[in-house]
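Engineer: The structure's right below; bear with me while I get my questions together.
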Amino acid sequence: MEHTYQYSWIIPFIPLPVPILLGVGLLLFPTATKNLRRMWTFLSIFLLSIVMIFSLYLSIQQIFVSCIHQNVWSWTINNEFSFEFGYFIDPLTSIMSILISTVGILVLIYSDNYMSHDQGYLRFFAYMGFFNTSMLGLVTSSNLIQVYFFWELVGMCSYLLIGFWFTRPIAANACQKAFVTNRVGDFGLLLGILGLYWITGSFEFQDLFEIFNNLILNNRVNLLFLTLCAFLLFVGPIAKSAQFPLHVWLPDAMEGPTPISALIHAATMVAAGIFLVARLLPLFIVIPSIMYIISLIGIITVLLGATLALAQKDIKRGLAYSTMSQLGYMMLALGMGSYRSALFHLITHAYSKALLFLGSGSIIHSMEAIVGYSPDKSQNMILMGGLTKHVPITKTAFLIGTLSLCGIPPLACFWSKDEILNDSLLFSPIFAIIACSTAGLTAFYMFRIYLLTFEGHLNTYFINYSGKKSSSFYSISLWGKEEEKKLNRNFGLVPLLTMNNTKRASFFCKKTYKISNNVRNQTFITVENFGLNTRTFYYPHESDNTILFPMLVLLLFTLFIGAIGIPFNQEGIDFDILSKLFTPSINLLHQNSENLVDWYEFFRNATFSVSIAFFGIFIAYCLYKPFYSSLLNLTLLNLFQKWNSKRIRWEKLINFVYNWSYNRGYIDAFFKTALIESIRRLAKQTNFFDKRIIDGITNGVGITSFFVGEVTKYIGGSRISSYLFLYLSYVLIFLIILFFFYFEKF
């Protein structure tokens, strides 16, 4: 066992050869490297599989013998300072390594097909390999300096992958927004690290915790300064895990390829902030005010993310806000001191949300054959609908992921979210009400996404599919923007844009690529409607096996991964794997309880949380099930149609919620007005002062000297005698002034 731990330092470097060899190969042998591109994919998957096996082996050992292994090498710079670097293996490290490697492998398999038509295929896999190395280095770091180094590398990889299609202005702006927002958090993290080193004199986690606790117990340090340093440490995770108010970058990050959204912005990178708070929890836990701030930020993010997801039209942005809300649950659990619940939800959410993102990518991939290669159209849920019979496997996988996130048993997220809701009841009634209400909102917006995408008919080909008697309709311009138009009621179908279905554009050059034959030669389907028009249209098709296989594996994880943490304890014996891993575990809410959850309490709380979820699903079903169905006869909907006054109030409420959600809670607008515009004005004023005042003085002195020299040159007439005469005249004037000054003094 000790022999295994000695070689754990190699874990972060196993995926590193692929990006290095790809970079060298593309520089020196570009043609050969591109011709062997499938080999690089296989090599990436193979190396990450080694990491997964290694991590699984470490986890199995720690289940039976829970221990912490740390190995440190010291680099002495001088007698007063030495830099130590090494690796730190504990249950948290092994779990995160398994999570990174398993999701990473599935995303790489998925990406092989998803990115096959992109000219940046090799660049994509190089970035992915470098990201996996950075993330593994982060979770195995033994001190704060190493954490910060890999933290920055993870941010750089995120910047590169969000802006992967950098020729699109919206993607370029999105990666810059993510970079700048995370720099705010990273600066706070750096200040916190330096402050802690100034107090404790160490960067190592174990030494840091011991010294910090001793200082607190003996009152040998200013508590206010300690609190400030701890808060600055927390600012980094706020930005990285998209917590309020530094969450604004996450929805825009969806401009990157969909596999990136599944790996980085659902399962791993955004979880890095949760990981760091969990790693530093022994430090935070001795400062109650910091724990309360962590829980407060978490509960605000939980509610804000859920409300902002309510009216999103882009399927990936809706899932992004859902991710933000679920990360808020994890942060809330950590702030309450429920270490196990937070990490349990981190695991279950990672697999469920990765499944949903890969499912959305499969849908987008299928819609591109219909609406063309435009994210504004292929990701717009308003143009989807009726996909159940066209993509049945994707639909089933997406439904399982949706039910899991809603908290429906026995799926993965039910077990972890239920623990957090139970702990919130013990922590604060107000927090519990917000957390439980948000569970209902989660079920509502997730089923809204599902119903808009899969139920009804394909809305791309239909007008007036909302069922309203008088309405204006949205047509799609050539560039994917919605334009409001009044359409003729005599026509039952929206005329399609003229599209060339034999070619697919690339963002990087004018060359086009043919779409595979299974897209071109798909069966034509005739849609008859209103008796007047019979037209022939394309319909989406199921994705290829290399896209479906990772989704099916994640579906199995979503079904069964919750079993590792089912909280059934009897006679002091832990039956779940997580309890064996996290021994001893930090739990401030169950300090005096031998059995965390008994049968009666579990079923009572589970019944309550599941009832809330089903209520949210029911409301979503009533509002978003296609209006041409029999649901119009439901009493709930007829109430709003019969009572005009209540209907007006209801519509005002709906419009308020819609505007709040669609405009991102006006937070982006506030930042733009209060920060961005102010900084721009300051920059313009600084630029004016620098160029007109500072440069003006410098240039004025130079120009004055030049003119004085020119005047002197012409007065002297280019003769030495004239220069001597002027020189002596100036000396005489100077002596006269000096004489009068000296005479007046005496």
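Placed from the backbone N, Cα and C atoms, the Cβ positions cover glycine too.
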Engineer: Checking feature assignment: transmembrane segment per Swiss-Prot, candidates 89-109, 656-676. Which range matches?
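Structural biologist: In Swiss-Prot, residues 89-109 carry the label transmembrane segment.
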Engineer: Hey, which bits of the same chain come close to the transmembrane segment (185-205), Cβ under 8 Å, at least six residues off its ends?
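Structural biologist: Sequence-remote neighbours of the transmembrane segment (185-205) are 72, 84, 88, 142-145, 148, 151-152, 155, 211-212, 215, 221, 225-226, 228-240, 246, 279.
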Engineer: Report, as numbers and ranges, which residues of the same chain sit near the transmembrane segment (396-416): CB under 8 Å and 6 or more residues beyond its ends.
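Structural biologist: Long-range Cβ neighbours of the transmembrane segment (396-416): 322, 326, 341, 344-345, 347-349, 351-353, 355-356, 358-360, 363, 439, 442-443, 446-447, 449-450, 453-454, 548, 551-552, 554-555, 557-562, 565-567, 606, 609-610, 613-614, 616-617.
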